[in-house]
Each structure stands twice: as C-alpha cells, then as structure tokens.
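TrEMBL has this to say about the protein:
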TRANSMEM  B:21-44  transmembrane segment
TRANSMEM  B:64-82  transmembrane segment
TRANSMEM  B:94-112  transmembrane segment
TRANSMEM  B:118-139  transmembrane segment
TRANSMEM  B:148-166  transmembrane segment
TRANSMEM  B:200-218  transmembrane segment
TRANSMEM  B:239-264  transmembrane segment
TRANSMEM  B:284-309  transmembrane segment
TRANSMEM  B:330-350  transmembrane segment
Amino acid sequence: MSANQDGTNLLEVRGLTKIFGTLTACDHIDLDIARGEIHALLGENGAGKSTLVKMLFGSLEPNAGEIFWNGQAVRISSPGVAKKLGIGMVFQHFSLFEALTAAENIALSLDDGSPISSIAAKARALSFSYGLPLDPESLVGDLSVGERQRIEIIRCLLQTPQLIILDEPTSVLTPQEADKLFETLERLRSEGKSILYISHRLEEVKRICDRATVLRHGKVVGHCNPREETASSLARMMVGNEVQAVVRAPVEGIDKAQPLLEIRNLSRQPATPFSIPLKGINLNVRAGEVIGIAGVAGNGQGEFFESVSGEVLQQDAASVRIRGKDSGSLTITGRRLLGAAFVPEERLGHGAAPRMKLSENLLLSRHATDGKAFVGSGGMVKSAAIQAASQRIIEAMDVRKSAPDPEAAALSGGNLQKFIVGRELDRRPSVMVVNQPTWGVDAGAAAHIRQALIELSRSGSAVLVISQDLDELFEISDAIAVMHNGELSKPIPIAEATFEKVGLLMGGAEPGHAEHTLETA
Amino acid sequence: MMRLELVKRPQRSMLFSALSPFIAFALTIIAGAVMFALLGVNPLTAFNIYFIEPISQIWQLHELAIKAAPLILIAVGLSVCYKANIWNIGAEGQFILGGIVGSMLPVLFPQFEGPLVLPLMLLLGMVGGAAYAAIPALLKTRFGTNEILTSLMLVYVAQLFLDWLVRGPWRDPQGHGFPQTIQFNDSAVLPELMPDAGRANWGFVFALVAAVLVWILMSRMLKGFEVRVLGSSPRAGRFAGFGLNRMVFFAFLLSGALAGLAGISEVSGAIGQLQPVISPGYGFTAIIVAFLGRLNPLGIVAAGLVLALTYLGGEAVQSALGISDKVARVFQGMLLFFVLGCDTLIHYRIRLVGLALTKPEGVAKLEAAPKLKEAR
C-alpha cells in the first residue's frame, strides 16, 4: 500500500459482496483508492468488475460489506447519492440522445435547470482546458464514438467529482484517440483527482495506472504495481493460467489461389438517419487466407456484414460473388447453399434464438444446407440427427454447459460463441464471414475460436473476420483492411502492417483508396 | 408512499408454468362465488347449476361438443399466429365470412345436391375465412398497418355484411319476412355423429383433427420451428433465412381458414341456415381458449371444453335462477384476466418500492441511463 498523504484513502471498500441467485458476482472485495492515483481494476469478462463499480456508483446494492468515503462509512443507495459524494462514472455504453446536441445532452444530466447557453459555455471551456475539443452545438448523431465519449467525460467532470470511474474507455477508440484520453487522465491525476480505470487491456494499464487490483471469479486475487509487472504476468493473474498462444503457419503462393469471396463496388444507402452508407467497397478473399477488417465500431461494419450475408439484398447481383457466382440478389439461404457461412456480432437474438435449445439453434442456420440430413421430405425435423450433430459440435468446440441440451440463453457468452462458430465450422464452409468472433469471450475460448478459424483457412477456405480487437486481427490475419465511415482501405499484408498504420486508417487518415484491391498481385 | 414494480425473475418455475391454468381456474371460481353471493344466490347452488348440471347427461355432453368445436378450431389457428407474434384478433369476422362463403352453395344453388355438396361447402368456407384474413396480412406487409386494429375492425364489417345479406338479397322469400336464408337441403347439412345420443356433429371431429395436425406442425416440422423462431427472435429468424412477410401471410391464412371452417361447420351443422347472428362471440372467446391452452393445440382442446361449459352454464343459470346469461361473459373475462395474471407473475415478481427514501426516480435499474432519468 502506498500514497496515503493525509492518513485516509479517498475510498476504502471492505468485504463488499453481491449475490445474484446462486452466483456470487463479488465475493468479499477489498479495495483502496488513494487521492491522485489512477487505479486499475483488471479482470476477464465475468470477473465481477462491472458489478463492483455498479455498487460503488449506487446502481446495485451490495448484500454485505462496507464502503468508506474519506474515512466515513457511507451507504450509496442511488447514483444520485454517489454524485453528491463526488463519484462520477463514464459508462462503456453511452446514454446519449442522438437527435439532441451535445449541450442538450449534458443539460439533461444536470439537475439545476441552468440555461443551455451557460451549460454550453461551461462545457466548451472545460473541454478545451482538458484537451478534449468538443463543439457543444453539434448533434450527437453526427459525432464519432470518440467524440461521444468526450461528452460523457465532460458531463461527468461538470459535476466536479473526486473519483471518476471509467468502464473500458478505450474499447471504442482508435489508438490515437486513446492517447488523447490518457493525456487527459494524467492531467486529472495531477489535479489530485482519483480515477478507477477498468480494462482488460494490459499494455495501457501498464502505461498509465499507478496500482492495480485484479479480480478473478468475483474475488480479489492480487494487488500490484502494473509498471513492475509484464503483460504476461498480469494476464496470468487475470486468467489463472498461461493463455495458449495461437499458431499461424505461413501460407505459400496465396496470390495465385482462387478468390472464393469477391466484393465488387458494393454500395448501400443508409437505412436509417443514423446508419452508415457503404461506399464502393472492393475486396477479394482467396482460398487459404484470413482477411481481417479493422475499424472503430459503427463505421459500417454491421451494414457490411448484412450485405455480405444476404440478410439485406443488393441491387447489383455482381457486387457480392461467392465461389465465382453472382450472389448479390441471393438470400442468406441461397448464399449458404453456395458454401458460405456467417457468424453475426450479436449472439443472443441474432446468431441464436435465446429461448431455444442448442439443438434447435443448430437448425437455425443449417435447415437448408445439409441436404436431407436435418429436415426430411415433407418438412419433418429429424430431431435425433440434430441432437447428434449438436453433440458433435459441443465436443469439438469444448462447449461447457449445465444441461444436456440447454437453452442458448443459459450458456455463458464465450460458450455460446464457441457453439455458434462451431455450428458453422462443422459444415466445412468454403467461405466464412465472422463479425467480432471473440467479443466478450474469455481468453481461453477466444484462443480456441481463433485457432479454429486459422485452421479452416489453411484447409482451403476463405475466411473474413471483422473485429474491433486489433490484437486479435494481428494474431490471425494474413492481411488487414480498415473500414472507416463506410469505406474500406486496401488490405495491408500482415508483414507490412503495424498498429500505427492501421490506427491511422481507423482514424480516417487515408481513406478512399480501395480501387487497388482489384489488382491481381 | 409506496410504488409497485415488476421485476423479471431470473428463471421461471416449470411447476407453476404447468399449474398456472389450474390456479387461474381456481381463482375464477372463487371470484365467481363472490359474484353469485353479491347477486343474492347461494354460490354452491349456482355452481351446481352452472358447472355440474349442464354436463350430467349424455345429450348435454353433445351440446358441450357443439359449443367446443368452433372454439377449438379457431383457437388452434390463433395459437399459430400468437406463437409467431402476429396478433389476429379478427377470427370472429373470418368465422362469419367462412359461414357466408360456404353457404353460397346451398343458398344460391338449392337444387344442387349429392355427396359433393358438403366437401365443397367446407372448402369454400375455408377459402372465405382465409381470404378475409388475407386483408389484414396484406395491409400489414404492404403498408405496415397494425394487424390488431385492422383485423378487429373487419369483424364489424363482416357482421354488418351478414346482416345485410340475410335481410336483403339472400332472404328466404317464403320466410314470412324473417331475416334468414332458406333452410339448407339435406346434403348441405353437416351430419350428426351419433344421432341417437345427441346433436354433436362432425365439426367436433374436425376440431380434434386440426388440433393434432397443428400440434405436429408446431412441434415436429420445420414450418413450426420457423413460426417459433420468428415469433421469439425475429432477427435470428432473418439470419436463418425465414421471411417475416411470408410468415404473416402463412399465419393469417392458416388461422383464417380454420376460423372459416368453424364458421361453415356451425352454419351447416348446428344452425342449418344463415341468420343475422351466427356466433355468440366464438372468435373472441377463442382468444381466451388459445391462452388458457397455453398456445399448445392439445391444451387448447381441454381449454375449449372448459370455455364451452361457461356458455352452457350461462344459459342454465339464466333459465334456472333468472340471472342474465351475460354471467358467461363475466366468467370468460375473469378467466382470461387470471390466466394473464398468473403468467405475468410466473415471469415477474412484485416488489414494493418506497418513494420517500430515494430522490426522484433515482432507482437505477437502467444502469446506463440514470442521469437521463433524473433529469426530469
């Protein structure tokens, strides 16, 4: 324990416990935050980080334990109480009205009823003094994700908090935007404010945090100074064992291989005022390679996936070609019959029907593709066959579950994702398109899924991976293209790709040179 | 100051899901006892007359089957709609149109007789009901109208159309001015199952067959899977390649055809001619039947018999005790209320929230938006 200038910590937590049903999300958590420090809260998905901070912010009530603020025992019964004490929070998912201006959004969160113009002036002054330029008159719908986060931070700062909680703030930022954020955080620390920084990105925790508390399965497994640790020692504390590294064998002669998925000048008008239009996207994915598409969330990746999968049809049939056949006007079933397979970003409600059993969810994407294996003539479902096939997938992907054939919603995110990916791999598709393959998935399952995708490509399939996780893309891709504002950059071969290059493209530094992709190398 | 809040249960109890219709029925009985007591009737006497006497003899069981047949037929079709999250409230109108279109044959061509007449009438009845149900389906898929409103409003159109027909163009010239069509010829009348024992006709068999077929469709066939996926998670349904618009038509046409079949069976079997009113609200009561049967075709058979009994009981208390037969409507309403209430409490529990302790609506269950909530 360090940095205790006047004897008491700003915040002390003792034995904080939260129980949901049979799950103990937080189990006797102890935590100290000193004045003027950036304190990291590390842990995998499901380790209890969010539950803990929700209790600190008054969104959840603890079952047991005590919270001391400036040495005084306090009961934080609502976010209003937390704000009065001086605790501010910036959530991972923003709560902003897209149709209102930044200033109006800030005004909504302040109770004092002061006029919009004075709020806008205050916000503008504050934003410049902290190096977070923001135009309070701009419509939120027109702002980038990074700018929206600035609104959240500024509206938090306007309440002059002593402790600022940031939940995974960089997960939606480009590397350059993240750098800006770090400068702001250091500035806040120098003013004596404390920051609780939640993340699972080890490098940035090492870079900016003074101390770290590591959670695993709802328990504190260690306090440490992240600067004295290595990324892998921190990962070991988080995960509990060494994460197996993904093996990616180099491929030879990929340039001559057949393109199995061809996107030619794919454009799409925005469906709603806040969705992104696609602008002339070109891309080839050849047999045997993994192409990664990087990009900050909300730059057209969802729209692109829908267009490629056939959930939305194209005017121009030649804009999507699967195994050499024009597929733009085929439905998702037609594209599957050509050998393509798709894994969407959302698991529950898109890739799987939450209230249906795993075996029924197998049928969801495979009722038409496997000949008469699952659906007999006359439309009768062969339930024995789908049970057997889902069992096969469960074993192949090491899906852990509590019942023989549970509802999809009963599985943890990682296990359901393994099932959904396995459901498609089991068909040995010749084209595989995956959106955010390991979003919210724990490290062990993520490594398993990545390895499976690489192996699929090496067996002669074309694999397209859309992901926000740059580490993941660098791990599995043979080339990385970047999507920004509905445009796709030329793919950069992995040997030439650097975080900086990709990061600049993610920020829109070099858009609109997608024409080159049609060149044959 | 206290406020009631519904909080979603982490999981629903299987036991109470199965028991819920019975609990709802028991609660209806209790509330019914209070109602009879307030009307100045001994509840035990009333219940005996209402629920026991109407089914104590064989011929009365036949009457029960006559009342249950249309309820089951319609409710089985509606269960498919509701499973698909498509809200056809207009089965009453589809029932009437089925009756009208099926009656075209015996009314307009009374000389046409023979074994072909009845099958053709039944087929026409199904086509009529399905075609009428296609209107809200078309409006929904083409113009995005709300099918609850359009299907419901079309009920009144159908009722007035029937009224006009039997008072105008289709009125029996020899009927002394009564608003009704000619009596159907013998080959246009749905035969009774056991003429010696009672009046029950083949309509009840149709209902049972429809229930079994739809049960197979929903539990064993890809189409039923499609219905369930699109009803519970439409986006997953789109990912599966199932079309929502096609499903709207499928559900409306199927339920319309079954309601139409019920309509022509009722007209040709129980009534024998068209009258200004051919249904005591079967199309609406069937909504209760569908939910009481938990949208399961086999459960609907049982629920249909229960609801049919409320009709018979209503007639019985009217004649025996002089109480209005609207009592039947009250019982049906209470039953639906308690069924929905039980289902809600299976999925949610009630929590009392003190308003005085926490400031504004500052209980932040929407963790992401507490600030927005407080701003008001």
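Placement of Cβ uses the backbone N, Cα and C atoms for every residue, glycine included.
Curation plays no part in TrEMBL annotations; they are all automatic predictions.
Source: prediction; values computed, not measured.
The stretches the transmembrane segment (B:148-166) and the transmembrane segment (B:64-82) do not meet in space: the count of Cβ pairs below 8 angstroms, excluding pairs fewer than 6 apart in sequence, stays at fewer than three. Remark: the transmembrane segment (B:330-350) contacts the transmembrane segment (B:21-44), by the rule of 3 or more CB pairs under 8 A. Contact between the transmembrane segment (B:200-218) and the transmembrane segment (B:284-309) is supported: at least 3 Cβ pairs lie under 8 Å, counting only residues 6 or more apart in sequence. For the transmembrane segment (B:118-139), the neighbouring stretch richest in Cβ pairs under 8 Å, chosen from B:21-44, B:64-82, B:94-112, B:239-264, B:284-309, is B:239-264. Counting same-chain residues at least six beyond the ends of the transmembrane segment (B:94-112), those with a Cβ under 8 angstroms from any Cβ of the stretch are 70, 74, 120-122, 124-133, 155, 158-159, 161-162, 165, 170, 181-182, 184-185, 188, 255-256, 259-264, 266-268, 274, 278-279, 282-283.
Of the recorded ranges B:21-44, B:64-82, B:284-309, the transmembrane segment (B:239-264) has the largest number of C-beta contacts under 8 angstroms with B:64-82. Within the chain, the transmembrane segment (B:21-44) has long-range Cβ neighbours (under 8 A, six or more residues past its boundaries) at 50, 292-294, 299, 303, 306, 321, 323, 327, 330-331, 334-335, 338-339, 341-342.
Distant neighbours of the transmembrane segment (B:284-309): 20-21, 24-25, 51, 54-55, 64-65, 67-72, 74-76, 78-79, 82-83, 89, 91-92, 207-208, 210-212, 214-215, 218, 259, 332, 335-336, 339-340, 343; these residues of the same chain sit at least 6 beyond its ends, with a Cβ under 8 Å from one of its Cβ atoms.
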